[in-house]
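The structure under discussion appears below in the form of structure tokens.
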Amino acid sequence: MRTDPNVTSFTHVAVTGTCRWLARFAAWLERMDPGVHRRIKGLRLVTAYGIAAALGALPAVTHGITGGRRIALLAAGFALWASVSEARHSRLESTRDLAALCLAAALGAASFALLSPVLAAVGSTGPEWILVSGAFLAGYCRRFGVLGTGVGSQVFIGQLLGYGAALGPPELGAVGASFLVAAVACIVPRLLSGPAECPPPTAQRVAVIVSGGASLSPEFVMGLQAATGSLLVVFLNSAFGLTESAWAVTACVYVVAGTADGTLDRVRRRIAGTLVGVPLGLLFLPLAAHDPLLIWIAASIAMVAYAMALPERYDIACGAFAFALVITLAAAGVHSIPLLAARAWETLLGGAVGCAAAIWLFPLRPAASLPSTSSTSSTSSTD
């Protein structure tokens, strides 16, 4: 039986092209993640999230707890972002930090639950004011090193999750249960990953000076910039009714860096990544209703890419997370294109506000770029 030469030629071209593409992809992975350490961390993020969500949904966990149906959501968020912030080499230190980070997130959620009824009397946007305190801590706590940076971020994330879940005082028991579930869910995968996971070295601290003659520490200024930007977003939401103001607040908080130029760079990268990730996520909407399993697989791959890119390619990390967020919301039943697309323009708004705060409110400059005789001597900060 003779083989059609055209078919043979096409097969050869297809196989050759596929092999070349795979070789280029493997080379890119090696450049992005030499030693596979970040890919392992990415898998750990996904595993921690999945374990927390599964444990938090068990009837044995939720039974008898007011707001028990929220445990899965809260625990998964606590565990995911604690795993992102943790960056230790030894298992003992990692276990300690993960427990502290989950506790910080639980305290943030508890603070929202306790204060939201009080601030709700101010108006419909009253509870959002609580996020301003978390925004300040996310910047200010950077002065306490890697763990302090993670704790400040986790307090804000806990408040953010509490805001999304509309927590109140009756749900404090659910917050406590979420902490326990999250701690187990993120510590166990870290113990199993062991030496296979090697966090990147801590970035060199850059000496900076607060411009304008203010005798403030750079970390305090970073917290002030994040809080001021968040406060402005809350005011805008009160005046105009933003679609999802929490996304703008989040962008405002996490673009603030150790210098004004660093903030501007992060704004550019966050906006660029989000403007790519959101449309890609919207393209997957038809799959959300028909094959949610594929959606969750795609989201898991995106979070692995997020972990790989975060240390050096903030734009790719933001794009991967925006993609994962859009498709998981769709898989959870949110199919409103205007709401999902709001992730893009809310990021634009939050990034612009954060950039404005960093440029106009006590801008931070590298110490080398200012006269050494300045009376506002520097402490250290990082981007």
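Backbone N, Cα and C define each Cβ position, glycine as well.
Checking TrEMBL for transmembrane segment across the ranges 67-86, 207-226 points to 67-86. A contact links the transmembrane segment (271-287) to the transmembrane segment (317-341), because at least 3 Cβ pairs that are 6 or more residues apart lie under 8 A.
Within the chain, the transmembrane segment (42-61) has long-range Cβ neighbours (under 8 A, six or more residues past its boundaries) at 68, 71-76, 78-80, 82-84, 177-178, 181-182, 184-186, 188-190, 193, 197, 300, 303-308.
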